Protein chains: 2
Amino acid sequence: MKTITFITGNKHKLNEIINIIGDNSMFQIVHRKIDLPEYQGDLEFIVEEKCKSAIRIVNGPVLVEDTSLNITALKGLPGPYIKWFMDAIGAEGLPRIIKDWNDKTATAICMMAFMEHIDGPVHIFRGMIDGKIVHPRGRLDFGWDPCFQPNGYQQTYGEMDYSLKNTISHRFICTTKLKEFLLNYSFN
Amino acid sequence: MKTITFITGNKHKLNEIINIIGDNSMFQIVHRKIDLPEYQGDLEFIVEEKCKSAIRIVNGPVLVEDTSLNITALKGLPGPYIKWFMDAIGAEGLPRIIKDWNDKTATAICMMAFMEHIDGPVHIFRGMIDGKIVHPRGRLDFGWDPCFQPNGYQQTYGEMDYSLKNTISHRFICTTKLKEFLLNYSFN
């Protein structure tokens, strides 16, 4: 069985991915916390460079993830910089920065990048879900979850049972694509 | 006379620096436009890494610059990500993102990094000026200049004559420190 090292320090993300990937006889996900520098730029560039940095350290199959919250009123920002905004202004602050706009829509995006070999290709996966930014409701322990209400639901991510969130989220969609890819992938 | 390559594609920044550095017999500033990737993180880290990337390409004395607009209400953001915000929401959008806060204060920061040799130290310089974010007034051709009114002035950067701006700005303060350093620096 092949081992894929998922680089994260975030238990929530790890648990979401392990729940979705589930048991299989082909590969297992382990995790390792490494502080990888991240570039500024578009999400695809950021996750690709992060993956290349990770494999230079891990020197084996590696998986990285990056999340973006694209607010329509801000033409896609904070986007990949959302984590800095959450650190600075928190869930309470997020609806405030767009208070002066009527359009409250946003898109949550999860990007993952997988490499098996340091000189091999980078495989990139994307999961997206549309929704809107609301005043925080629900659990405050996972970034912007309480501020994001996916279209078609009356609950924010922060109000949903994990069992529901983990079957609809941007990370679920992305991880599902990754899983399909890996189940058909020939490890060397 | 030594040549220092300033990496920028921005004519305004180049002119500001050349105006401030002025004529001297020790060194001259030339410029070159190279798209250097920039990391996310604090401004000192970003400018240091940018300088190291630049010298690997230029292979000679190199100068890089990075600007940050730290809005107090947003606990220092957009900070180094201000250029992405200007691209997205423009000068009109900047006061809107903090409309819901009473505190309109902000600090403009210029950081420069200079290296002579690829294996030598990185010298970092900082210039800061406090002010406030206002609805845009004046020239709209240089990023957030029309939105930033320095303390003690009734004009925004965008309303000031360049001759005034270039003797008070965050970039002026930083460039002055750089100039003092370079005039006492022994090039190898």
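Here, residue 1 is simply the first one shown, and the rest follow in order.
Cβ coordinates are placed from backbone N, Cα and C, and glycine is handled just like the others.
The structure displayed is predicted, hence computed values, not measured ones.
The ITP binding site annotation in TrEMBL covers A:8-13, A:Lys50, A:66-67, A:142-145, A:Lys165, A:170-171. The secondary structure of A:Lys50 (ITP binding site), as reduced to three states from DSSP, is helical. Taking all protein chains in view, 22 other C-beta atoms sit within 10 angstroms of the C-beta of A:Lys50 (ITP binding site).
The feature Mg(2+) binding site is assigned by TrEMBL to A:Glu38, A:Asp66. A:Asp66 (Mg(2+) binding site) carries a strand DSSP state (E or B).
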Under 8 Å by Cβ from A:Asp145 (ITP binding site), counting only residues of that chain that are 6 or more apart: A:Gly138, A:Arg139, A:Thr156, A:Tyr157, A:Gly158, A:Lys165
Residue, out of the binding-site residues A:His12, A:His170, whose Cβ gathers the largest set of other Cβ atoms within 10 Å: A:His170
Neighbourhood of A:Asp66 (Mg(2+) binding site) by C-beta distance under 8 A, where only residues 6 or more apart in the same chain count: A:Glu38, A:Leu43, A:Ile46, A:Val47, A:Lys50, A:Pro80, A:Cys110, A:Met111, A:Met112
Candidates from A:Thr8, A:Glu38, A:Lys50 close to chain B, where binding-site residues are judged by Cβ under 8 Å: A:Glu38
